[in-house]
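Accompanying notes for the structure given below.
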Amino acid sequence: MLIYVFIYIIYIIFILSLSTKDHLNPIEKPSTTTVNEWKNRTIYQLLTDRFAQTPGQENPALCATNKENEVRHYCGGTFRGIISKLDYIKNLGFDAIWISPVDKQVENETIYGVGWHGYWAQDKFSINPHFGTTEELKNLVDTAHQKGIWVMIDVVANHMGPQQGKEPGTADYVKIYNRIDAINDYHKYCDACYCDDRQNIEYCSIGGHDLPLPENPETIGKLNTWIHELVSTYKFDGIRIDTVKHVRSDFWNEFIKYAGVFSIGEIYDFNVEYVARYQQGGHVDATLNYPLYQKISELYSSPFTNMYELRDRINENRQYFVDTLALGNFVDNHDTERYMHRTPDHTLTRNALSFVLLYDGIPIIYQGTEQHFTGFPTGLDPFNREALWSSNYVTDTPMFKFISTLNLLRRYLPPAYYNSLAIEAWVDTNIYAFVKDKLLVITMNYGSGEVINSDSGKYVLRKSITVQGSGWWAVGEELINVVNCTEKVLIDTNGNVSTDLYGEPKIFYPVNKLIGSNVDSPSLLNKYINWIQ
């Protein structure tokens, strides 16, 4: 009997050793970038195939009309194309980019087109040749770093690419996947139920793909090796992890250690307590803030909603998340409805963007927002994944100027701004205002309303409010609205701020902080004025 126990123990030790066999030890997390360092960054999300084509090899007509058959296939964006447009991103005010997955994809046709987006891997250890070479990817990251831009890479550990005409869960199906090609690397195939059964959510397929088996130590070792090599070879600064909730949650703890950089996970769910578990358990450093996105998309797209719901969601987030300052905030992305398809009113969009760019958390803006993209006709996949070259990369659109202005403001705010929680300054049915450090942000969902005089830009007065001061500003201190750089208000003898609201967001900051900042000439204030004129 004892001999069987001994053999069993030896077997267990052998199996556990497979998870580290031929693999590097995990590097300490984080390495070159910390969670706190990411908090003062703003991220521009781009899809490599849709952002920019290689200079000198452009075909601007490709995918420019957003026809469904075209946009389900490759449109010609490349790493060299991204390099050529890094200044466009920098001029927009971003100091980080999130690029779509770079793995080599399955090449077969499916009913949903091909894997141009990067989420249908065939070989995780090779680079997608449609985008360029390994040297071109290294050059992209190096060039971005030279321009002060960090690079976050999108990664997928949950699934591989689909294959037409083959049965999932068979040896014939998985044999094409380089280094993760054995049948015991994968779960037994089953379809996800889209229900509250956590085991089903983590174990079964959400799209007809075969799923690597994160309970198998050898498979775990392969995935850990892959992420370590990917990050260290190309010097990525962070990882965005796809479909996190569809993998056993404690798999991620070791995975992010092997990555060694800031990690933000996609848990596409609006339940705060459920999503927050992933940060609580150390499975990821942060998550995309889908619970807050739900309220942003609803409340800032119509005046017939209630901003008290935003307050409630903020309080709920703070109750369950370990660090709300590290969460990724957004108005839309490639998996959601385009915000400007939800509402054509750009005044509402500017209010939503003001909240996302200046509230607690890391702002993430999806490519095309600055060009007023709507994802016509449905606003959803695949139409929300437009080719950006159809815009000619113009830099004088109202939304481009607005986003760049707020990014410029964020860049010169003091460290206390990024490391402190916003304080609610006003809330009613249509208005939500907050203070962070000395910045007052007033957002609302009235929309543009009726124009009284289009020449002067006068709108219907929506409301006059007085924000009660709590020692944030000195009596007599002058604040300026950085959205237009013309409206100024004085702090009254009670330390309060009074202003009239017409629908547009108002963002007030002390004039002396702008003029007296350590910014090279022209002053920050003049930079704002130059942008908005």
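Using N, Cα and C of the backbone, Cβ positions are placed for all residues, glycine too.
The substrate site in TrEMBL is built from His159, Arg240, Asp335, Arg385 plus one of Trp120, Trp226, Trp252, Trp426, namely Trp120. When the candidates Cys63, Cys75, Cys190 are compared with TrEMBL, only one is recorded as disulfide-bonded to Cys204, and it is Cys190. DSSP assigns Arg240 (substrate binding site) to a strand segment in the three-state reduction.
Taking the C-alpha positions, the distance from Cys190 (disulfide bond) to Glu266 (active site, proton donor) comes to 22 Å. All protein chains shown were included, and the count of other CB atoms within 10 Å of the CB of Cys63 (disulfide bond) stands at 26. In this entry, Trp120, His159, Arg240, Asp335, Arg385 make up the residues listed for substrate, with the farthest two CA atoms of the set 21 Å from each other. Mean model confidence for the domain 'Glycosyl hydrolase family 13 catalytic' (45-410) is a pLDDT of 94.
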